[in-house]
Amino acid sequence: MESWTWMTVVVLLGLTVRWTVSLNSYSGAGKPPMFGDYEAQRHWQEITLNLPVKQWYFNSSDNNLQYWGLDYPPLTAYHSLLCAYVAKFINPDWVALHTSRGYESQAHKLFMRTTVLAADLLIYIPAVLLYCYSLKEISPKRKIASALCILLYPGLILIDYGHFQYNSVSLGFALWGVLGVSCDWDLLGSLAFCLALNYKQMELYHSLPFFCFLLGKCFKKGLRGKGSALFIRIACTVVASFLLCWLPFLTEREHALQVVRRLFPVDRGLFEDKVANIWCSLNVFLKIKDILPRHIQIAISFCFTFLSLLPACIKLTVQPSAKGFRFTLVSCALSFFLFSFQVHEKSILLVSLPVCLVLTEIPFMSTWFLLVSTFSMLPLLLKDQLLLPSVVTVMAFLIACSTFFPMFENTSEEQLQLKSFAVSVRRHLPGFTFLPRIIQCLFLSSVITMILLTILSVTLDPPQKLPDLFSVLICFVSCVNFVFFLVYFNIVIMWDSKNGRNRKKID
């Protein structure tokens, strides 16, 4: 069969899994008065359709910001408005001001699920296919396998089609941006990433690698020649993109500031709910939120985030390469997730996207990370009654990855991209030849722990005095895994001596 035929089969399989998951429950189903993210997305459609633009982000009698107030950038609001027009055409009751609050029906659920699928088909899935086809030095079969594994990644499917969100939009735009700048379509790549950033502010997790990669390109071209011209063109593209997205909100200074305040609610504290990052895990032993003033918490969070991502960003600026860019995206996004302020459990998807992009380069570690990332959201998925689809999609993903990228056949020092690091260590410890075995043991320990915690969470009730015991354990175990991955990816980046050979010549 032609590769395009196989790719069509892959897409159809991915769509089938997505739609099957969408038949299950969603966030806040039948749980008044606040319901959940499903109601939040519906409510934003109600607000954007019935209120003028200037009232979208302000508290009023018609727009109670305490009830799922709009807190995403303008592009999300425009998307909500577009969906609202379609909803009003089908059934005005779905988006009627005030009276539609908490609206639930099978017809409305079908509509909402369809809007997610449409966004996926228009933005995310085409980007995945084009990215896989653009991969160099791998066979067509491996490109198809890569597309299959990426489209079967359970974390994104369960959150968008189960819990209910539109993460595929921002992640899709970000992937188009990665494609653009990796193929030297720098202006298109910059535009795509600006769209991602104006859809979800959490795309800031990816912003520094984009900036450093493009800046490094400008340096390589020479700031006195083509480099300065490229820098100016990119800057103009970014400014123009933001102006177009924010234009309705720039008529008054207070209006723009209110949008910014809604996007970055520092008053909420270091973290919300149970999230697998450093601050939530540390909170088990040391109540940082109670001990330190909020401005000190923000300062500490900023310092740790900045210091953890600085080495990779410096190397990417000095040695810009498509490979280095992909790995730095992983490292920086993971640094933000572990150390930054106001992290949500679903933000791990921002790390998972670039990990999917290096799946063909380090299949063992990528598959392991993607499994842990899905496991880290288990408390949320159980809350939404998504246990069965979680187990099935994880198994399907694991089978696909194990079939096309055999797990333990990809754990040599070369395949883990740790050869340079191991050689450096052996200069001081000649007997250091067991690194692959260590990695395999850590993987098995991680998987066994995840399976045990999943079984315990489902079969046992936590002690009355410790109602969040299993959720905290899941977050803590996931955090330990993520710290290990952060160290691993930084080692790969800093000890990579192949950038010069892998880097395309920048004229």
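Backbone N, Cα and C atoms are what each Cβ position is placed from, and that goes for glycine too.
The transmembrane segment feature in Swiss-Prot is assigned to 3-23, 115-135, 144-164, 173-193, 230-250, 298-318, 333-353, 362-382, 386-406, 438-458, 469-489. Annotation comment: Swiss-Prot describes 24-114, 165-172, 251-297, 354-361, 407-437, 490-507 as topological domain 'Lumenal'. Annotation source Swiss-Prot lists N-linked glycosylation site at ASN59. The topological domain 'Cytoplasmic' annotation in Swiss-Prot covers 136-143, 194-229, 319-332, 459-468.
The C-beta environment of ASN59 (N-linked glycosylation site), restricted to residues of the same chain at least 6 apart in sequence and closer than 8 Å, consists of LEU65, GLN66, GLY69. Beyond the ends of the topological domain 'Lumenal' (165-172), by six or more residues, the same chain brings 37, 41, 76, 79, 115-116, 119-120, 123-127, 156, 159, 196, 199-200, 202-203, 346, 349-350, 353 to within a C-beta distance below 8 angstroms of the stretch. Confidence over the topological domain 'Lumenal' (490-507), given as mean pLDDT on the 0 to 100 scale, stands at 64. Beyond the transmembrane segment (298-318), the same-chain residues lying 6 or more positions past its ends with a Cβ under 8 Å from any Cβ of the stretch are 208-209, 212-213, 215-216, 219, 266, 270, 278-279, 292, 324-325, 327-328, 331-332, 335-336, 338-341, 486, 489-490, 493-494. Residues 178, 181-182, 205-206, 208-209, 212-213, 216-217, 219-220, 309, 312-313, 351, 353-355, 357-358, 361, 486, 489-490, 492-493, 496, 498-500, 502-504, 506 of the same chain, all 6+ positions outside the topological domain 'Cytoplasmic' (319-332), place their C-beta atoms under 8 angstroms from a C-beta of that stretch. A coil conformation is recorded for ASN59 (N-linked glycosylation site) in the three-state DSSP classification, outside any helix or strand.
Tertiary proximity for the topological domain 'Cytoplasmic' (459-468) is limited to same-chain residues at least six positions away from its ends with a CB under 8 Å from its CB atoms, namely 274. Counted with DSSP, the topological domain 'Lumenal' (354-361) comes out as 4 helix, 0 strand, 4 coil. Within its own chain, the transmembrane segment (386-406) has Cβ neighbours under 8 Å at 17, 20-21, 24-25, 142, 145-146, 148-149, 152-154, 157-158, 162-163, 359-360, 363-364, 367, 370-371, 374, 378, 458, counting only residues six or more beyond its boundaries. Helix first, then strand, then coil: DSSP counts for the topological domain 'Cytoplasmic' (194-229) stand at 33 helix, 0 strand, 3 coil. Ranked by the number of CB pairs under 8 Å to the transmembrane segment (144-164), the listed stretches 230-250, 362-382, 469-489 are led by 362-382.
Sequence-distant contacts of the topological domain 'Lumenal' (354-361), counting only residues of its own chain at least 6 positions beyond either end whose CB sits under 8 Å from a CB of the stretch, comprise 131, 135, 138, 142, 146, 149-150, 153, 175, 178, 206, 323, 326-327, 329-330, 333, 367, 369-370, 373, 401, 405, 417. Counting residue by residue with DSSP, the topological domain 'Cytoplasmic' (459-468) contains 1 helix, 0 strand, 9 coil. A Cβ distance under 8 Å defines the sequence-distant neighbours of the topological domain 'Cytoplasmic' (194-229), meaning residues of its chain 6+ beyond its ends; these are 72-76, 79, 167, 169-174, 177, 181, 186, 237-238, 241-242, 245-246, 263-264, 309, 312-314, 316-320, 324-325, 328-329, 332-333, 336-337, 340, 347, 350-351, 354, 506-507.
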